[in-house]
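**Q** This is the structure I want to talk about, given as structure tokens.
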């Protein structure tokens, strides 16, 4: 049902922009990679709690780049909320982070968190089982990152990776590092945080609308959004779309796509011929529990673990309220921040007033405040290659060469 709804949204969007018949509408991430003449490889890894995650790899690019030690540096890219590995390759090769890093000589790995298009398997559970969806970004931070990064290091023989995360891909890394004893941090040479997430108290859009529409004690979230895989009921979508998009000059069908309702539908830096491809591959799925966790964060104003309710919290956490992730405890990994006032999700004032006040200045290598980036522009925007990807490539290259 969810994929059918996304297909309809993509069909209407492509009618608007006049881009009929793009083969990438029906391709997987590896197929998109191969379409542009790059090698693509697929790997799977099991998490400690049984989920089977699929990763996509571009082992090398079209250029003949050699390294002194004979090993290519590894960059691991982690998608954001409701997204997938495709985010890093859905623009043209000279516009997509995955291809640009590959052509610069990097071994590129693209992760997929549990519950998205590519990570829908479990050792014992099926997606039709409600227990399959009993998780939020807590478990992604605890299990998924560990499993994927460790597998990448095992396959490549490297002892560390360069990490580029977007949106939820930054939240999970921040959260994992905040509980790390130092053993994981040493595996992350540099952390490029695109649209970084700490507090989301002041966000706009879909999540803010529903979080503020109902009280924190409201217990009908799963009735509204459906149990298991996240799919808002039609009335809920229409209610949110009317409130959020009523005053914006956007195509109705584009606004009906829940991803744009969450992240912000207006952008002046998308390749418009690619919009149907964006809308076909995203949203890529997550659990309703994960969406509820995000809305709990809106109410909380910080970064709490999932709130199961007082009784279960006491069993799970040993206290009535969920504990908060302590970002002041992060150490050992250099972080490069990229954020914008125009972002609905990694917004102002949450980034400067919450995230930056908690990260130790000693680990914040760069704080890049970019003008006019919405939440999705960090992966799809046409200015991102010059503003983010190429500078990041140079930083990683110089670091790997010991400059």
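Note: Cβ is positioned from N, Cα and C throughout, glycine not excepted.
It should be emphasised that the depicted structure is a prediction, and the values quoted were computed from it without experimental measurement.
Look at Swiss-Prot and you will find 1-18 tagged as signal peptide, backed by sequence analysis. Annotation comment: Swiss-Prot describes 64, 271 as N-linked glycosylation site. Residues annotated as active site, nucleophile in Swiss-Prot: 167. Feature annotation from Swiss-Prot assigns active site, charge relay system to 343, 375; the stated evidence is sequence analysis.
Walk me through where these features lie, including what they touch and how far apart they are.
**A** When Cβ atoms from all protein chains are considered, those within 10 Å of residue 64 (N-linked glycosylation site) total 7, not counting its own.
The Cβ of residue 167 (active site, nucleophile) lies under 8 Å from the Cβ of 79, 80, 81, 83, 194, 195, 197, 263, 345, 346, 375, 378, each on the same chain and at least six residues away in sequence. For the recorded site, residue 167 (active site, nucleophile), the DSSP three-state label reads coil.
Its own atom aside, the Cβ of residue 271 (N-linked glycosylation site) has 17 Cβ atoms within 10 angstroms in the protein chains shown. For the recorded site, residue 271 (N-linked glycosylation site), the DSSP three-state label reads coil.
The Cβ of residue 343 (active site, charge relay system) has 27 other Cβ atoms within 10 Å, all protein chains considered.
Look at residue 375 (active site, charge relay system): DSSP puts it in coil.
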**Q** Over all shown protein chains, what is the count of other CB atoms within 10 A of the CB belonging to residue 375 (active site, charge relay system)?
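**A** If we count other Cβ atoms within 10 Å of residue 375 (active site, charge relay system), we arrive at 31.
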**Q** Please report the distance from the Cα of residue 343 (active site, charge relay system) to the Cα of residue 271 (N-linked glycosylation site), rounded to the nearest angstrom.
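**A** The Cα atom of residue 343 (active site, charge relay system) is 18 Å away from the Cα atom of residue 271 (N-linked glycosylation site).
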